[in-house]
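So that you can see what the record holds, here are the features copied from Swiss-Prot:
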MOD_RES   2  N-acetylvaline
DOMAIN    3-147  domain 'Globin'
MOD_RES   13  phosphothreonine
MOD_RES   45  phosphoserine
MOD_RES   60  N6-acetyllysine
BINDING   64, 93  heme b binding site
MOD_RES   83  N6-acetyllysine
MOD_RES   94  S-nitrosocysteine
MOD_RES   145  N6-acetyllysine
């Protein structure tokens, strides 16, 4: 559960309505793979990830980034039940993929950076603060099934 004030919830929802999920998703996942290259080990089947340009131009990275942000959108629609919303993904990432849950925090922070880049002055400090709460809540929900 994420505790947002009505103003924060409104700010998150208003900005998210303007997000191009295809573009932002691919950019966020691509940046994660470039900035934190050890995360690439989970995406070996994606082909060439040898350079920043290869990562950022990789169609599989873009497609998976879109999928990730689709799940994030679901979370925004269920802020009062993030653990329930992400239970299946938490299990998958824990039991099958063995993803270090710290990576969820990294991706959340990268997403905030990408949103700031895309929205500039519209991404005010209060909007950022609200998004930081949301990405922390999502990361916590995704880590819920870890033992």
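Including glycine, each Cβ sits where the backbone N, Cα and C put it.
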Across the domain 'Globin' (3-147), DSSP labelling yields 117 helix, 0 strand, 28 coil
Surrounding CB atoms that lie within 10 Å of the CB of the residue listed as 'S-nitrosocysteine', all protein chains:
17
Of the modified residues 13, 45, 94, which one sits closest to residue 2 (N-acetylvaline) when you measure Cα to Cα?
13
For the modified residues listed (13, 45), most other Cβ atoms within 10 Å of the Cβ sits at 13
Given the modified residues 13, 45, 83, 94, find the one whose Cα is closest in space to the Cα of residue 60 (N6-acetyllysine).
45
